[in-house]
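Shown next, in structure tokens, is the structure this report addresses.
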């Protein structure tokens, strides 16, 4: 935590030292700019005695032909006078900037129009402008535009400019939505410090909400476990839990509302030729801006940010879930933007012309890259080819940001959302590098633990010396580990580790890819031991679960999910006061895995009496089916003999519903119970739903659930 704050302080100081300024989208809906464009557009519709082919450009007549320019300046002045009482000429002088900008598109020399010239044209028009010009076929002198015409055109430009501004505001509101969610999360998280959680979680109403809308899985009984939509393999993914689902629903609803409200339609169709044309343009702008404003949130929720986790208590799993769904809504907004602009171009017979514009080409490139990125982010790709998913995700995201930058380059706005996103992304990468350097690059000892040569028992232990004694990991936290072998040094995997003071310990069951490569390398080494330098990035995850503030603690682990609960049991057993009781339940397929943590498990043997250890062997026949069963039995007997002296041994899968029920019943009214679970996806989903049901069955009991399962 202190390392994160130190790093953030350094970054803020660096930003101030170099006076870094971000791009900023200026407000579009100004009376001055509306008056300039409204008057220019109307005057441009009139016929003037001027050959516009001499000076090409949409506004060439009003910028190059003196009578038209005089008319323009008078129209601007009168439009401002209509709205500003009393008129002090300040707004008129400020409008000169918009005049220069408009005329600079015709010729750069017009960007130097002086204030003296501007007033001279106004005075000339005020003295000589014609009031009645309807019968004149070709104008050669300045005219006075009537008030009704001025007002109609200004309202038309106001409608367009207002939509650009309110779209940015609504986009910011979507960001504030998650700020509010974060503040609420901080409140509940901080309640553990002052004991307020006891009052909150003893409330029947609060537990009713938690049991129905916060803790359970959502719609299906799967959250950690992968879910197949319509039972189709391609649409494999992870469902949010109930709380995440409600937060995502609120965000989606807000996005739909902001897409649907506050449109001003010009009844006279002065800028666009129909109501349909108007609406498609306004919707295109609204959806595109909303898509841009979500870029920073999408990046923030991918960051391995221990600081946000520390403040809110929200897990990285939830951040990733928010990242996915915000990304999907952003893709939806971008798709609406693309389709609406295409329809707008078709309605106005400008599709071929638009296709030649650079901003249009980069818009097509952006949505194409986004669609490819979305397809390559499908759950089946992440699950089966994670490294491919990860690197293509990064490359395509950077390409997408580049295309977006080029897309809005000529529009003088909305670049700040890209810059902020890239800054967050870059600073997060710097923080991660700094984090790795803090641990340095120790030489770890990798030991093969499979003495029976049974494929079921394949595992290896990693013992990592700590060069930096100020580096500490707390129970349940995880680190990303890089094995610095020339062929795989860039790959990393997250593992829960046990910090033993001078060293860190973890046990890995090799699957495929990186862990299989390292395991095979260990097998080829002498005596099944290998020295290999590693890099550690972390620790990440909850650093303050406050389990020491609970009266009773139920630790549930399954399979390779043992390290976190075991570390909690070891550290908390040293506390002479709380918790009053600790139950550690381990469900494993066979005892061989326990040998990897033998010394840590046996530490509980000498701990104070209130640590209750229970081990359940869920596949008793796994040993006897092996070709060298006798050797395995001897190997297993080594750890099992030690365990039987202080732990309960069961030979069947435990009924976790009964285990949790008994823990609640044995907790006296008024005492608090924490249930911590880490294990296979099926287990954690089952325990999550069971705790939710028990909350409804025991609404006045203080029960909290902590899930340490991690998935990406």
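Note that Cβ sites are derived from N, Cα and C of the backbone, with glycine treated the same way.
The feature heme 1 binding site is assigned by Swiss-Prot to 323, 393. Sequence annotations record features per position, and here Swiss-Prot assigns heme 2 binding site to 337, 407 based on similarity to another entry. According to Swiss-Prot, the FAD binding site annotation covers 493, 494, 495, 496, 497, 498, 499. The NADP(+) binding site annotation in Swiss-Prot covers 538, 539, 540, 541, 678, 679 and is backed by sequence analysis. Residues or ranges marked as domain 'FAD-binding FR-type' in Swiss-Prot: 412-546. The annotation N-linked glycosylation site is assigned in Swiss-Prot to 89, 112, 124. Residues annotated as topological domain 'Vacuolar' in Swiss-Prot: 18-167, 266-287, 350-360, 409-416. Marked as transmembrane segment by Swiss-Prot: 168-188, 245-265, 288-308, 329-349, 361-381, 388-408, 417-437.
Sequence features annotated in Swiss-Prot and their locations in the structure.
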residue : record                      : CB count, 10 Å
124     : N-linked glycosylation site : 18
323     : heme 1 binding site         : 17
337     : heme 2 binding site         : 23
393     : heme 1 binding site         : 16
407     : heme 2 binding site         : 23
494     : FAD binding site            : 18
538     : NADP(+) binding site        : 23
539     : NADP(+) binding site        : 23
540     : NADP(+) binding site        : 20
679     : NADP(+) binding site        : 26
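Summary: among the binding-site residues (497, 498), the fewest other C-beta atoms within 10 A of the C-beta are counted at 498.
The stretch in closest packing with the transmembrane segment (168-188), judged by the count of Cβ pairs under 8 Å and taken from 245-265, 288-308, 329-349, 388-408, is 288-308. Summarised as a single figure, the pLDDT of the topological domain 'Vacuolar' (409-416) averages 93. Reported as a whole number, the C-alpha separation between residue 498 (FAD binding site) and residue 323 (heme 1 binding site) equals 29 Å. Residue 539 (NADP(+) binding site) is 9 Å away from residue 496 (FAD binding site) when you measure Cα to Cα. It is 329-349 that, among the stretches 288-308, 329-349, 361-381, forms the most Cβ pairs under 8 Å with the transmembrane segment (245-265). Same-chain residues at least 6 positions away in sequence with a Cβ under 8 Å from that of residue 678 (NADP(+) binding site) are, in sequence order, 476, 496, 556, 557, 558, 561, 562, 563, 564, 565, 684, 707, 708, 709. Among 538, 539, 540, 541, 678, 679, the residues given in the record as binding NADP(+), the maximal Cα to Cα distance rounds to 21 Å.
Cα to Cα, residue 112 (N-linked glycosylation site) and residue 540 (NADP(+) binding site) are separated by 57 Å. Of all the recorded positions listed here (89, 393, 407), 393 has the Cα closest to the Cα of residue 539 (NADP(+) binding site).
Helix, strand and coil content of the topological domain 'Vacuolar' (350-360), in residues and according to DSSP, is 8 helix, 0 strand, 3 coil. Summary for the binding-site residues 495, 496, 499: the Cβ-based neighbour count within 10 Å is maximal at 496. Secondary structure from DSSP puts residue 407 (heme 2 binding site) in a helix. Local packing around the glycosylation sites 89, 112 was summarised as the count of other Cβ atoms within 10 Å of each Cβ; on this measure the leading residue is 89.
When secondary structure is read from DSSP and collapsed to three states, residue 541 (NADP(+) binding site) falls in the coil class.
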